[in-house]
Amino acid sequence: MIYDLLFRNVLKRMDPEFAHHAGMLVIRASGSAPIAPIVRSFTKPDPSLAVSTLGLTFPTPFGIAAGFDKNAVGVRGLEALGFGHVEIGTVTAIPQPGNPKPRLFRLVADRGLVNRMGFNNRGAAAAARRIARLRRGGAVVGANIGKSRVVDVDNAIPDYVTSARALAPLADYLAVNVSSPNTPGLRGLQAVETLRPLLEAVRAAAGSTPLLVKIAPDLPDEEVTAIARMAVDIGLDGLIATNTTISREGLKTSAAEVEEMGAGGVSGPPVKVRSLEVLTLVRAEVPDPEFCVISVGGVETAADVRERLDAGATLVQGYTGFIYRGPLWARQINRALA
Ligand SMILES: Cc1cc2nc3c(=O)[nH]c(=O)nc-3n(C[C@H](O)[C@H](O)[C@H](O)COP(=O)(O)O)c2cc1C
């Protein structure tokens, strides 16, 4: 309610990336030593929500998706706000500034976002140092890795392996991101014949750390099922579906406004239907509950989370809903789920 007013009157007028950084300051403060225990006492998920998967215990099935905390600076705060896991990154082997600004836009009428951030991050070694310093025990920390922009797609494997080696010993799980629309050529790595050697190499580099692959909603159904089958074949522990979409179909925001924003991935409710479809396809292909399927895309309410769990998701993530619902989002979802 209060956040709604704040969003409509203040935040909506701010540059979205500036608002993100301002929000991150509040989140980091929520996770700081004197404040975190107080915040946590209001937000701690009910013990009945705990989920065991990947050999780990998640305090709630609901977590924050990759891209929100690219450099692992807000993990404690996000945990204090009630997220059961934080997927940091996308992290690349070589630090990089990302695309020129502006690169993040609101589709207010759709409660969505368009982004072409381009993996702005401080690099795998820096992320590893941050994770190493975290006092652990609450939220699960996953590390999402992607290809460095300056590295040619043909040399993607050693680049991903560098990030995997840096982060696997520290993260609770690793996610291979081959589905961002904002790194040229990246999504081409989803073709099964290129994806298999990449995932096999990362699998070897990750050792015993659980490994998942994150896929795009824009893949045809046959490719979704082929990737799911291959993931099982080479011993991956799970799959994350989905990233943002390059589609601009069915948006309420005017075509002219959308056009002006330019290239990027759409997130939030516009990706909801396809995200659920992809989850259903993956679960039909791999019914084994030991295979962890993380559903993400257009989840905003506890009913949305419940729908994904009922459709076979092991865990559920969200990002865009946080922008529209505010800091109590995870708490509200956890309360309603319990
Ligand atoms: C601004 C922004 C940045 C993102 N950055 C990443 C990223 O670095 N890596 C990644 O795998 N997904 C990234 N995503 C995609 C989200 O993790 C998620 O898959 C997608 O937004 C769909 O979920 P949502 O509808 O709840 O936002 C990003 C999304 C947004 C909105």
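Each residue, glycine too, has its Cβ placed from N, Cα and C.
Annotations in TrEMBL come from automatic prediction, not curation.
Between the candidates K12, K44, K70, TrEMBL assigns the substrate site shared with N115, R116, M117, G118, F119, N177, N182, N243, T244 to K70.
The Cβ of K70 (FMN binding site) lies under 8 Å from the Cβ of I88, G89, T90, V91, F119, N120, N121, each of these being in the same chain and 6 or more residues away along the sequence.
In this structure, the C-alpha atom of A66 (FMN binding site) lies 13 angstrom from that of G118 (substrate binding site). A gap of 12 Å separates the Cα atoms of N243 (substrate binding site) and N144 (FMN binding site).
Over the domain 'Dihydroorotate dehydrogenase catalytic' (49-337) the predicted model carries a mean pLDDT of 97.
G268 (FMN binding site) sits 15 Å from R116 (substrate binding site), taking the CA atoms of both as reference points. When Cα-Cα distances from K214 (FMN binding site) are compared across the recorded positions R116, G118, N177, S180, the shortest belongs to N177.
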